[in-house]
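Visitor: Here it is: the structure, laid out below.
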Ligand code: TXA
Ligand code: MG
C-alpha cells in the first residue's frame with residue numbers, strides 16, 4: 001500500500017465562489033491525477049475519485065479495504081453529466097430527480113458506455129446521485145468529471161460524519177481530506193431502483209419511504225424483501241456485509257429502560273465495563289460506565305445526525321460491551337434501525 005502525509009484542506013461553505021477556492025482547486029488537482037481524496041457531502045464524508053478512471057477506482061477500493069464486488073455511487077453536479085453514465089431514465093426516475101436532487105437519494109439506472117465495470121462491480125446498472133452540499137458540487141465542477149465515492153470509512157466501520165472520523169480511518173492512506181465541518185443528515189442516502197411505476201428501496205436512508213410515496217404515488221414504493229428476510233439476497237450488494245460495527249460487542253435492547261438497566265446491572269456485577277447508546281431524554285435514568293446519547297428521541301433526525309459519532313465514541317471509552325436502545329421504524333427511524341441492526345450484527349434482546 002502507498003503511504004501519504006494526509007493533508008487537511010479546510011473550506012468554509014460560505015466563502016464564494018467555491019469552485020475557485022484554493023483548497024477546492026488543490027483537491028481537484030489530486031482528482032485529475034487519478035488519486036482519491038475525502039470530501040464532505042450532506043449525508044456522510046465520501047472517498048472520491050474520477051469515476052471514469054479505472055486507476056482511481058482501484059485506489060478507492062484499496063484505501064477502504066472494500067470488497068471488489070460492492071459497487072460505488074457516482075456523484076454528479078449537473079443532470080447533463082448523466083449522458084454516457086446511464087443508458088436510459090424511466091419517467092418515475094425523472095420525477096424523483098426533480099423532487100429530491102440535489103439531495104440524499106441515489107437512483108440505480110441502466111449503465112451507459114462510459115462507466116467502468118470497476119465502478120459497478122460488473123453489474124449492468126449504475127448508482128447515481130447529486131449531493132446537496134455546495135463544497136461537493138464545487139469539487140465535481142472543478143474536477144470536470146463525475147466522482148465515484150463510497151463512504152470514507154475503513155470497510156466495516158461506521159461511516160464518517162466529520163473530517164476527524166475520516167482521519168482516524170484513512171490517515172496515510174490518502175493524500176488529503178477536504179474539511180467542510182460536520183455533515184448534516186448523518187446517515188447515507190436512500191438507494192432506490194425504478195422499474196415501470198414501481199420504486200424499490202434497496203437501502204433506507206435520508207429520504208423516507210413516505211416522502212418517496214408522495215412523488216411516486218401511494219402503493220408504488222416497496223422495500224427490497226432482501227433487507228428484512230434472510231431467505232432473499234439483498235439487491236444492493238453492500239447490504240449483505242457487516243457494517244458500522246464498534247470495537248466492543250453491541251446488543252440492541254427492545255424493551256423498557258428498566259429492562260435495559262437490569263441487563264447492564266448483571267454485567268457490571270460480573271465486573272464488566274458497560275456502555276449504553278441512549279438518547280438525551282434518558283441520560284439521567286441509566287447507570288453505566290459510559291453513557292452516550294445519539295440525539296433526541298423526540299427528534300429522530302438528530303439521532304440520525306449523531307448515530308455514527310456515538311458508535312465511534314465507544315471505541316475511546318474502552319467498554320467490554322455496549323447495549324443500545326431501539327427506535328420506531330417510521331420516517332428516518334427505518335434508516336436508523338437498519339444501521340443499528342447491522343452494527344449489532346443482528347443481536348437483539350426482547351423484553
Ligand atoms: O450518502 C451516501 O450514499 C454516501 C455519500 C458519500 O454519497 N455514499 C455511500 O456509499 O454510502 P457506499 O459505497 O458506502 O454505499 C453505496 C451502496 C452500497 O450498499 C452499494 O452496494 C449500493 O449503494 N450500490 C451501488 N451501486 C449499486 C447498483 N448498481 N445496484 C445496487 N446497489 C448499488
Ligand atoms: Mg459505506
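The backbone N, Cα and C atoms fix where each Cβ goes, glycine too.
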Visitor: Can you tell which of 8, 59, 129 TrEMBL lists as binding L-threonine with 43, 75, 149, 189?
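Guide: Of the residues offered, the record points to 129.
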Visitor: Provide the three-state secondary structure of residue 70 (ATP binding site) computed with DSSP.
Guide: coil
Visitor: By Cβ count within 10 Å, point out the most packed of the binding-site residues listed: 70, 189.
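Guide: Counting Cβ neighbours within 10 Å, the top one is 189.
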Visitor: Which binding-site residues from the set 70, 75, 125 come near ligand 2, judged by a Cβ under 6 Å from any of its atoms?
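Guide: None, by Cβ distance under 6 Å.
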Visitor: Filter the binding-site residues 125, 189, 244 down to those with CB closer than 6 A to an atom of ligand 1; keep them in sequence order.
Guide: 125, 189
Visitor: For each of the binding-site residues (125, 151), count the other CB atoms lying within 10 A of its CB, then report the residue with the highest count.
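Guide: Answer returned by the neighbour count: 151.
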